[in-house]
Amino acid sequence: MPSPTADAWAPLRRPIYRGLLLCQFASNVGTWMQVVGAQWLMGDLTSSVTAVALVQTAVTLPVFLAVLPAGALGDLLDRRVLLIASQGGMAVVAAILALMTEGGMMTPWLLLSLTFLLGMGQAVVVPSWHAIQPELVPREEIPQAVTLHGVNVNFARAVGPAIGGLVIAAVGPAAVFGLNALSFGFSVIALARWKRVKVEQRFATEGFLRAMRAGGAYVRATPPMRILLMRLGAFMVFASALWTLLPIVARDRLDLSSTGYGLLLAAAGIGAATGVVTLPPLRRRFSTNAIIGLSSGAFGIGLLVLGLSHSVVPDVVVLPVLGLAWVATLSSMMAAAQSMLPAWSRARGLSWYVVVVMGGQAGGSILWGLVAEHPSLTFALVLTGAGLVGNSISGRWLPVNWLNVDLEVSQHWPQDDLDEELPDDAGPFHVRVRYAVQPGAAAQFRKAMEPVSRQRRRTGATRWVLREDPQTPGMFIESWYVPLWIDHQRQHRERTTMRDREIEEAALAFLVPGTEPAIERVLAEPPRRLGLLRRRARAS
C-alpha cells in the first residue's frame with residue numbers, strides 16, 4: 001500500500017498538472033502582491049480611506065458579478081483557449097499598470113479601473129481552472145489535486161503580501177505590478193504546452209443565456225448540490241471572521257506591528273500546507289461528510305480560542321489548526337462539488353460554488369466587522385466559533401453525499417427515436433412517456449419517479465408532471481416540455497448519465513413484465529402561450 005505522503009503528492013507526478021500548479025502558485029503570489037501594491041499606491045495617490053478600501057472592492061466585486069456568465073463560457077468554449085486568453089489579457093493589464101505607475105501617469109480612478117479589469121479576468125479564470133482539474137488527473141486523484149490547489153492558494157495568501165511589502169519597500173509598487181504581469185505570462189506558457197484532448201461536439205454550441213439557465217437548472221434540481229452550497233455558505237459567512245478580524249486582533253489586542261501580523265498569517269499558512277500530508281489518510285478513514293464536519297468544528301473551536309485569548313502564544317498555536325481546518329473544509333467541499341457535476345455543466349456548476357464563497361466572505365466580512373465594533377471583538381469571534389460548531393453538527397441532518405457516482409454519458413434513451421430530421425430550432429416539444437405499472441405498485445412507482453423528475457429537470461425539462469390515466473387504471477403518463485428539438489437531443493445524447501440510467505431503471509422495475517415505456521413527442525405551443533389560450537377559453 002502506498003504511503004499517505006506518496007498518495008498526497010500523486011498528482012505532482014503528472015507533468016502537466018505539476019507545471020500548471022507551479023505557474024498558478026506564481027500567479028496567486030503575484031495577485032496578492034498586486035493587491036498590496038494597489039492599496040499602497042492608492043494611499044500615495046490620495047488621502048481618502050474610502051478610496052483605499054475600494055481597491056479590495058475592485059478586486060472581489062467583478063468575481064462576484066461575472067463568475068456565473070464566466071462559468072457558462074467555460075462550458076461553451078475550449079477551456080484551455082479561454083484560460084490562455086484571460087491570463088494573457090491580465091498580463092497586459094498588469095503591464096499597463098506597471099508602465100503607467102513608473103511613468104507617473106497613474107490616477108486613483110485609473111488604478112481602480114485597471115484593478116477592476118484584473119478582477120474580471122480572475123472571474124473568467126476561476127470556474128474554468130477548477131473545471132479542468134478532472135482532465136489533468138485521474139478521478140481517484142481529484143481530492144489530492146484539490147487539496148494541493150487549496151494549499152497553493154492559502155500559502156500564496158500568506159507569503160504574497162509579505163513579498164509584495166518587501167518589493168514595495170525596496171523598489172516601489174511598479175515593480176510589483178510588473179512581477180504580476182510576468183506571473184501571468186508563465187501561466188500562459190504552461191497552458192499553451194498542454195495538449196488538451198478535444199471533446200467532439202455533436203451539436204452546435206449552445207446559446208450563452210440558455211447555457212446559463214441550464215447550469216442553474218442543474219444546481220436547483222440536484223438536492224446534494226444544494227445542501228453542499230448551503231453548508232458552504234454557512235461556513236464562509238462564519239469563517240470569514242478569521243480573515244476579517246485577524247488584523248484587528250494583531251493590532252489592537254496583541255499590539256503587533258505589520259511584521260507581527262505577517263507572522264500570524266504565516267502560522268495559518270503553515271497549517272494549510274500540512275493539509276497535503278494530513279488529509280489523504282483522513283480521507284481513507286472518514287467520509288467526506290465526516291471530514292467537513294470535523295474540520296468545520298475544529299475551525300469553530302479555534303475561533304473560540306482566538307476570541308478568548310489575549311496573548312500571542314495561544315494565537316500562534318491555534319492559527320495552524322485554523323489554516324488546516326480551512327483547507328480541509330474547502331478542499332473537501334470542492335472535491336465533492338466536482339464529483340456531483342458532469343462534464344457538460346462542470347464550469348457552470350462550479351461558478352455557483354464560487355458565487356457562494358465570494359458572497360459568503362463579502363457578507364460575513366461586513367457583518368463581523370460591525371459586530372466586532374458593537375458590541376466587541378471577543379463577542380464576534382465567540383459567536384462565529386459557535387456558529388461553525390453548529391454548522392459541523394448540521395451534517396447529521398444535511399450530509400454532503402452523492403459522491404463517486406458514475407456521471408459518464410449513458411445514451412440509454414432509444415437513439416432511433418432521436419434521429420428524426422428536424423431543424424434544431426423546431427419546438428417547443430411536449431414529451432409524453434406512458435408506463436404500464438403493476439397492480440398494487442402505484443405508490444412505489446410514484447416514489448421511484450421523484451428522482452426521475454429531478455433528473456429530467458437537471459437535463460433541461462420544464463413543467464414536469466406525472467399523472468395516472470383516469471381511463472386506464474395502472475397506466476401512468478409522464479410529461480414535460482423542452483424548448484427546442486436540439487435541447488431534447490442534448491438531453492438524451494449529451495446530458496443523461498449512467499447515474500440517471502440507474503434512477504430510471506429503479507422506476508422501470510415496477511412496470512408490468514414484458515412492457516416498455518411508450519414515448520410520444522408532439523410539437524406544442526410554448527407553455528406560456530398554452531396558459532394564455534386556456535385563460536382566454538375559460539373567459540369566453
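Keep in mind that glycine also has a Cβ here, set from the backbone N, Cα and C atoms.
TrEMBL annotations:
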DOMAIN    16-402  domain 'Major facilitator superfamily (MFS) profile'
TRANSMEM  16-37  transmembrane segment
TRANSMEM  49-69  transmembrane segment
TRANSMEM  81-100  transmembrane segment
TRANSMEM  162-192  transmembrane segment
TRANSMEM  228-249  transmembrane segment
TRANSMEM  261-279  transmembrane segment
TRANSMEM  291-310  transmembrane segment
TRANSMEM  316-337  transmembrane segment
TRANSMEM  349-371  transmembrane segment
Exercise. When each of 16-37, 81-100, 162-192, 228-249, 291-310 is checked against the transmembrane segment (349-371) for Cβ pairs under 8 Å, which one has the most?
Worked result: 228-249
Seminar exercise, completed: Per the Cβ filter (under 8 Å) with a sequence gap of at least 6 from its ends, the transmembrane segment (261-279) is approached by 4-5, 8-9, 143-144, 147-148, 150-151, 154-155, 157-159, 161-162, 165, 242, 246-247, 249-251, 291, 315-316, 319-328, 331-332
Problem set entry | Chain residues outside the transmembrane segment (228-249) and at least six past its termini with a C-beta under 8 angstroms from it | 219, 261, 264-265, 268, 292, 296, 299-300, 303, 306, 315, 322, 326, 329-330, 333, 336-337, 340, 352-353, 356-357, 359-361, 363-365, 367-369, 372, 377, 380-381, 384-385, 387-388, 391, 394-395, 398, 400
For this session: Please check if the transmembrane segment (81-100) comes into contact with the transmembrane segment (162-192), where contact means 3 or more CB pairs closer than 8 Å and the residues in each pair are separated by 6 or more positions.
Result: yes
Exercise. Taking the transmembrane segment (16-37) as reference, which of 49-69, 162-192, 291-310 has the most Cβ pairs under 8 angstroms?
Worked result: 162-192
Problem set entry | Intrachain residues whose Cβ lies under 8 Å of the transmembrane segment (162-192), provided they are six or more past its termini | 19-20, 22-24, 26-27, 29-38, 40-41, 44, 80, 83-84, 87-88, 90-92, 94-95, 97-99, 101-102, 258, 262, 265-266
Seminar exercise, completed: Across the domain 'Major facilitator superfamily (MFS) profile' (16-402), the model's average pLDDT, rounded to a whole number, is 87
